[in-house]
């Protein structure tokens with residue numbers, strides 16, 4: 001910073017003749033808006049911006065020295081003596097001190113003896129250490145908000161009163177004498193969030209949070225980071241380096257902080273408790289995330305669609321849906337995934353690992369979320385309730401999909417034809433119409449299908465065919481569906497199913513055993529339908545009575 005030219009002002013106290021005096025002033029200035037803005041326990045710092053000013057003049061005379069630092073204008077008036085000396089407190093009892101600040105223009109004017117104005121937090125202790133420049137004598141100063149001190153007496157009462165007024169002041173100014181560079185606290189306030197940082201390098205790094213600047217890039221996966229230290233920690237994921245090992249269980253970690261958190265699990269320490277529900281946590285970060293459930297706070301928003309999240313990691317993973325980023329690749333099948341946790345779950349498909357087992361029925365699961373949903377079937381717990389129809393759900397994803405029935409939301413759009421869908425799986429199935437993909441192939445005949453439901457129905461056809469061609473056909477009486485499994489008498493007409501035409505006799509009905517679907521084949525009227533046979537109804541999973549003789553002389557007269 002340049003050194004602004006000093007200037008002299010006011011009457012000459014001892015005439016215009018005399019020796020040339022020289023006074024040096026080193027100034028460091030920082031002005032936060034209010035004293036309460038400075039956080040307690042803030043870190044100490046070396047000196048912030050400084051300005052050195054030199055007074056040249058013939059003394060003794062009263063000089064007004066003008067300095068400027070970071071847009072703050074500082075004027076100091078002192079009685080200068082020949083040889084660069086100043087009058088002390090005892091020699092100049094009538095010296096006046098007047099400090100004022102205009103908050104809008106950040107203009108600070110100090111008039112009086114050069115002094116230290118301590119910033120934070122121990123004003124009383126720091127006030128007693130204030131020094132006159134170029135002397136060893138201490139002086140006490142007044143309030144920094146338009147206060148005039150007529151006499152600087154060293155009484156205890158005055159010192160306490162001055163310290164109290166300083167605490168109420170909103171001025172944060174540092175003046176350092178040429179006798180030494182005392183360590184002062186200089187805080188830099190963020191204009192975006194209002195938080196203070198010290199030193200200036202921390203303030204500069206903090207600004208990347210608001211600008212979203214991430215200058216450090218991982219060469220392996222392309223992930224970017226704000227800080228070089230976080231990049232170094234991230235690279236250990238790719239190298240597999242885990243230098244920190246737990247002495248209890250031998251589990252290794254890439255970061256020492258993760259090891260310390262893990263060790264709390266062995267000790268059973270859960271020092272962080274939720275004041276709303278009483279739930280305890282091993283880590284403060286988990287408590288903070290948990291409390292957002294009660295407050296409903298979702299501070300992290302997707303820049304593409306505006307969707308809000310309570311956890312920053314969930315927001316990052318969600319944004320990869322828009323940009324298509326999938327940095328994690330499965331070494332078994334080459335599939336790319338959006339997060340490391342999803343990759344771990346996917347790998348269990350290849351390994352067959354199912355670490356989550358239900359104690360009620362013994363069923364095991366790959367993923368914890370599916371396991372928790374399954375447990376709700378046993379407990380009957382329904383966490384999610386629709387306000388429109390009062391239907392309840394045990395799974396949040398099903399609840400969200402259900403709500404789209406009422407609001408008509410269809411967020412998934414086909415890029416080929418523009419058709420929209422309420423569920424992503426429906427969109428995936430629809431896209432197979434355009435791509436021609438048929439992922440479900442029958443091992444019996446090689447026929448392929450676009451949809452899983454059609455594939456399952458096709459497989460049942462092979463099962464029925466095997467039963468008919470083999471010995472699996474049970475000799476049971478035909479039954480009428482409208483009579484609720486009552487025996488079908490000769491010449492019985494089914495009013496519910498039979499179309500207009502000839503009455504249905506038992507010789508036209510075929511009933512398969514309980515292990516396969518049940519269906520009736522009815523002769524159709526030539527006027528109603530030119531087809532020789534009409535499928536009237538289709539039943540699945542019906543229970544049938546015991547074996548009896550088949551009424552039809554030729555049960556397979558209608559070919560399947």
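Each position is counted from 1, following the chain as shown.
Keep in mind that glycine also has a Cβ here, set from the backbone N, Cα and C atoms.
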Zinc finger according to Swiss-Prot, located in which of 412-434, 481-503, 504-526: 412-434
Annotated range (Swiss-Prot: zinc finger) out of 164-186, 440-462: 440-462
Range among 124-146, 216-238 that Swiss-Prot annotates as zinc finger: 216-238
Which range of 88-110, 272-294 is zinc finger, per Swiss-Prot: 272-294
Secondary structure content of the zinc finger (440-462), with strand meaning DSSP E or B: 11 helix, 4 strand, 8 coil
For the zinc finger (440-462), mean pLDDT (0 to 100): 90
Highest-contact recorded stretch vs the zinc finger (412-434), from 188-210, 300-322, 328-350, 384-406, CB pairs under 8 Å: 384-406
Range from 188-210, 216-238, 272-294, 300-322, 384-406 with most C-beta pairs under 8 A to the zinc finger (356-378): 384-406
Chain residues outside the zinc finger (272-294) and at least six past its termini with a C-beta under 8 angstroms from it: 261, 264-265, 310-311
Positions on the same chain near the zinc finger (384-406), where near means CB under 8 A and six or more residues out: 373, 376-377, 422-423
DSSP helix/strand/coil residue counts for the zinc finger (328-350): 11 helix, 4 strand, 8 coil
